[in-house]
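Database features (TrEMBL):
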- ASP144: active site, proton acceptor (ACT_SITE)
- LEU20, GLY21, GLN22, GLY23, SER24, PHE25, GLY26, PHE27, VAL28, LYS43, GLU98, ASP105: ATP binding site (BINDING)
- 14-267: domain 'Protein kinase' (DOMAIN)
Amino acid sequence: MDEEGPSGEYSQHYDALEELGQGSFGFVRLSRRKFDGKETVTKFLRKSLIPCDGWIRSSTRGKMVPIEVEVMETVRHPNITHLIDAFESPYWYSLVMEYRQNSMDLYEFLELRPKLDDGLICHIFRQVLAATCHLHSLGFLHRDIKDENVVIDSSFHCELIDFGSVAQFDGSVVFDSLQGTLLYSPPEVIEGLSFNGPEVESWQLGILLYTLSTFDIPFHSTEEIKSKEIVLPDRISDGARQLITWLLEKDPEQRVSVEVAAKHWWLLQNVQKYSWNDVIGALSNGTCSNDVIDIENNLLYMAFGEMEVASSI
């Protein structure tokens, strides 16, 4: 049974319910904690499918573990998704995550065409930027920052999710292959050049800020990434415009770092309180209110990101 699916200590504490989807390294199930009936979502990673460079010596377990497990066990930040429990069996790692009914990913959020003013765009973006800065301070790269990998709730609190592409960096590590999403990749990655990593995440954050500001991505092909100059609508504020331009600098040596971007004056503005209904309004199917956001397949995205569960949708 253990080779086919999780058992052992995990099964002593949780019931694994219906399968929600499958990914490259395992699968996702709805789950329930036995002692209090709390609904959770569990990501099961099959050890034999994790590549050799996907392991790291654990700072808490004293042995090699998948990098994703190490990050989820050790990183604590209000804008990074929370790990409830982690278990190991001979063939599997089981990562138990919160099941939030009042959340959706930013892709779904933007599909609703919300009324985003400059202050709310700033509020959303600086949360993702804060999460990225925290990861960098600990020597980790997310490597797939995009709207599908950020969840937002009805109070506009955001969390970065899906650490399946995470990697370590220390300034001496050089990468030479694509991880993450092609159209969120900068020119140096598209051209197959070597890169250090943090400058790629600056670019990905620039794509995200552009998307929040325009409801679209700036580049729709690899040729556009390499040669097209971005065009920003007049409605974008001077501060957001400047930051987007700095982050989407095609020359990686001139591109602003995440840490410098976090100090930009535009991000220091005071943000008013927003009402979900004022920003979104009622959905056409009537399933959205101030307190409940019921989007089909929502729990799949909020815990693990689109690529992890694509086969189930």
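From the backbone N, Cα and C atoms, a Cβ is placed for every residue, glycine too.
Keep in mind that TrEMBL annotations are predicted by a computer and have not been checked by a curator.
Feature map: annotations from TrEMBL on the structure.
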residue	record	DSSP class
LEU20	ATP binding site	strand
GLY26	ATP binding site	strand
GLU98	ATP binding site	strand
ASP144	active site, proton acceptor	coil
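Confidence annotation: the domain 'Protein kinase' (14-267) carries a mean pLDDT of 91 in the model.
GLU98 (ATP binding site) counts 17 other C-beta atoms within 10 Å of its own C-beta, drawing on all protein chains shown.
Note: the Cα of SER24 (ATP binding site) and the Cα of the residue listed as 'active site, proton acceptor' are spaced 15 Å from each other.
Looking at GLN22, SER24, the binding-site residues in this record, the fewest other C-beta atoms within 10 angstroms of the C-beta turn up around SER24. Neighbour count (other Cβ atoms within 10 Å of the Cβ, all protein chains): 23 for the residue listed as 'active site, proton acceptor'. Residues LEU20, GLY21, GLN22, GLY23, SER24, PHE25, GLY26, PHE27, VAL28, LYS43, GLU98, ASP105, recorded as binding ATP, reach a greatest CA to CA spacing of 22 Å. Taking the Cα atom of each, GLU98 (ATP binding site) and the residue listed as 'active site, proton acceptor' are about 21 angstrom apart. Counting only the Cα atoms, the space from the residue listed as 'active site, proton acceptor' to GLN22 (ATP binding site) is about 18 angstrom.
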